[in-house]
Every structure is written in structure tokens, then in C-alpha cells.
Ligand SMILES: [Cu+2]
């Protein structure tokens with residue numbers, strides 16, 4: 001039986017958790033704000049007090065502990081600058097809550113009375129908006145509209161009842177574009193208070209936020225005026241290969257809750273299984289309105305909650321289906337080099353720039369496998385080593401690992417799937433086939449006939 005004390009002790013053993021007092025004397029009445037600085041996925045926080053529920057697992061994150069005061073769950077969020085490792089080899093300067101971006105997940109039970117202290121350690125005013133909640137208007141967290149903004153150095157308190165079960169988010173509603181571009185947000189899960197006809201008991205419950213940053217290769221701080229052209233597509237401010245795998249036991253009913261706080265939509269695609277969207281931030285979906293999918297689009301400001309039975313063993317990709325969202329920071333102005341013979345060009349440039357490498361003549365997979373010289377604090381565009389070589393992925397990509405022998409409740413990474421003999425795609429004996437060498441493309445005859453002036457470029 002795990003207790004809150006065990007949670008803290010386990011964290012301390014890992015060297016990363018510390019309860020930190022904010023001006024201890026002045027804030028004696030407030031709950032201590034726990035903080036974590038590392039990006040390791042923490043085991044689900046078994047509720048030490050209050051009504052029981054099956055907790056969620058936040059990918060590369062954690063759940064915020066609380067204290068009970070006269071039947072009210074009290075939390076303490078601290079908005080502050082943080083350092084976030086996005087994947088090994090790159091640390092970003094972000095804004096977050098309690099040591100991390102995203103902030104810790106808040107988990108409560110339908111009907112709970114909650115009191116959330118918010119301390120602002122940022123250099124500018126902020127608020128917290130509780131996305132999707134039914135609450136008194138003055139608790140909605142919109143600076144100027146429903147409350148004065150929380151000035152730097154001050155603590156405000158929000159109090160309301162968690163009225164309906166579901167998957168929600170929290171984020172600022174003050175200088176929003178900048179504060180969200182810096183990584184200020186988190187998830188909120190309200191568990192049902194009793195058996196709910198539309199909410200299944202699941203064996204594994206995962207959650208993560210989609211977020212995006214624009215960080216120049218070699219830099220560490222996001223460009224905050226970017227509106228659309230972000231270059232790091234993240235789950236919980238992590239990019240592949242920094243995103244932990246989702247580890248389940250074969251036969252488990254699995255729920256994954258995905259919230260989107262980027263500025264574009266993300267079609268999230270799961271391999272090997274069909275799922276149903278069972279809920280949104282608007283609540284559980286009636287059974288008659290669910291249908292099977294293998295991809296679900298999560299639009300801006302939406303939550304999608306998917307469920308499936310993990311009955312196919314193996315290592316199954318789960319990723320955004322926009323292919324440039326499964327790559328890390330890159331120069332968008334690189335021309336297509338497919339089919340362009342660069343060998344002689346590279347040889348001549350090497351005379352001047354020894355590290356120069358010609359890229360992409362035969363596609364870009366080669367880049368996944370070669371060690372390119374990169375600026376400091378920059379990730380390769382496509383990386384990750386799998387059991388069969390380079391994965392050639394980055395960004396919004398992870399792996400659902402389904403194992404017959406994964407112990408119930410154990411979320412540890414079981415390693416790569418060992419495929420049964422004869423079950424992997426393999427080379428067959430055939431005459432060698434030379435790769436197609438693209439000749440400079442001639443315009444089709446019809447086009448040439450009609451538009452003679454256009455074929456000579
Ligand atoms: Cu995407």
C-alpha cells in the first residue's frame with residue numbers, strides 16, 4: 001500500500017523531489033508546494049486521503065500531491081521558470097509549474113471540494129484557467145474579465161467543486177500566447193465518484209499534453225512570437241526519443257487522454273489496434289455515438305480520451321500522423337535533394353568545409369543513422385535506435401509496448417519486443433535490383449506541347 005510519505009521518500013531516493021517552502025514564515029498557512037525537476041515518468045500517485053480511485057500515469061510527468069483540510073483538497077501550484085530536458089542532449093528554458101513543464105497533473109474525484117493556491121514566481125502577471133470545468137465565474141481564471149491578474153511574487157487562491165468527471169487541462173489566461181509558448185500548462189483529471197455507465201474501469205490510464213515550441217538549433221529559449229511555425233512537437237514538453245513508452249499487459253483495457261495546447265491539430269495514430277473515443281473535455285461520449293478508429297484528430301484546445309483492449313503483443317507505434325511532427329528542429333528551407341547527384345558537389349565543398357555532408361540524394365533515412373555534427377543543445381531531426389537500426393523519428397512519437405508477462409500495475413519499460421521466429425518481414429532471394437536513379441525530369445509530352453515556355457527550368 002503506497003502512501004504519500006512513500007511517494008515522497010521514493011522521489012527523494014531518486015534525488016529529485018524536495019518540498020520547498022515559499023517564504024516559509026509568510027506562507028505558513030499554505031500547503032508546501034512539492035517540486036520535481038527531472039523528466040522521469042513517476043508511478044501513479046495512489047490517493048493517500050480522500051475517496052479512492054485508480055490514478056493516471058502522466059508520461060514523463062507526475063501528479064501533484066495534496067493535503068486535506070476540513071474535507072477540502074488543497075493544492076499549491078507555483079508558476080516559475082524551469083529547465084526541461086526535452087530529450088537527452090537538449091535542455092530548454094521554459095516556464096512551468098512546480099519545477100516542470102508541463103506542470104503536475106491534478107487528480108480529484110467528482111464532487112471533491114478543491115482549493116488551489118497559485119504562487120506567481122514569473123517576471124510577469126499570470127492566472128490559471130481551469131479548462132473545461134463547471135465552476136463559479138470568478139474562479140475561471142481570465143485576467144481582467146473574471147479576476148485581477150496575479151502579480152509577480154503574489155499568491156492567489158481558487159476554490160470550487162469538481163462537478164463533473166472527465167479529462168481537463170489548466171493553463172494561464174494572461175499574456176497567453178507568450179505564456180503557453182513557454183510551456184505553462186498541465187492536465188486535470190476528475191475521476192467519477194461511483195460506477196458511471198459511460199466510464200469504464202481500465203487497467204492502465206495514461207495522459208499527456210500536446211505542446212510545441214520554436215527553439216532555434218543551438219538555442220535553449222523558445223521564440224515566443226511564433227504563431228504557426230514551431231519546430232519542436234512535443235508530448236509533455238518531450239520529443240522522441242525522450243518520450244517514455246506506454247507499457248501495458250496484453251489484454252489490458254487501456255485509456256489514453258490527450259490534450260492539445262499547440263496552435264495546430266494533431267491526428268494521433270495508434271498501430272496494431274482499433275480504439276474508440278470515449279470522452280472529450282465535454283464529458284463521456286454515449287456508447288451509441290462511438291465508432292472504431294485508428295487515428296483521431298485532436299484539434300486545438302481539445303481533449304480526446306481513447307480506449308482499447310491491448311490484445312496484440314509487440315511494440316506498436318503511437319504518433320502524430322503529420323509527418324513533419326515526428327521530426328525535431330530542422331531547417332525548413334532545405335531544398336528537396338531527392339534524385340540530385342551531389343557526390344561531386346560534396347567533394348568540391350569538402351575542400352573548403354571539411355564537415356560538409358551532402359544530404360538527401362537517396363531520401364533522408366540515411367540521416368537517421370549517421371552522426372551529424374550538430375550545434376550544442378540540439379537534437380537530431382530524426383533519431384532513436386530500435387532493435388533493427390535507426391528509427392528515424394523525432395517529435396510526437398512513442399511506442400505502446402504490449403507484453404503477455406508485464407505484471408499488473410507495473411509500468412516499467414520491458415525493453416524491445418522479441419518477435420517470435422519467422423514473424424518479421426525479411427529479405428527474400430531475388431536478383432539484385434539497382435535503385436532507380438532519377439534523371440532530370442522532363443515535362444510530360446502533353447504539358448510540353450501546351451506550355452512550351454514552362455519546361456526549361
Ligand atoms: Cu502533429
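Cβ coordinates come from backbone N, Cα and C, glycine included.
The feature signal peptide is assigned by TrEMBL to 1-28.
Positions annotated as region 'Disordered' by TrEMBL: 31-52 (among others).
Helix, strand and coil residue tallies for the domain 'Plastocyanin-like' (85-194), in that order: 9 helix, 51 strand, 50 coil [DSSP]. Annotation source TrEMBL lists domain 'Plastocyanin-like' at 85-194 (among others).
The feature domain 'Plastocyanin-like' is assigned by TrEMBL to 220-335 (among others).
Sequence annotations record features per position, and here TrEMBL assigns region 'Disordered' to 437-457 (among others).
For 448-457, the entry in TrEMBL reads compositional bias 'Basic residues'.
Across the range of the domain 'Plastocyanin-like' (220-335), the DSSP-based residue counts are 7 helix, 51 strand, 58 coil. Applying DSSP to the region 'Disordered' (31-52) sorts its residues as follows: 0 helix, 3 strand, 19 coil. Averaged over the domain 'Plastocyanin-like' (220-335), the predicted model reaches a pLDDT of 93.
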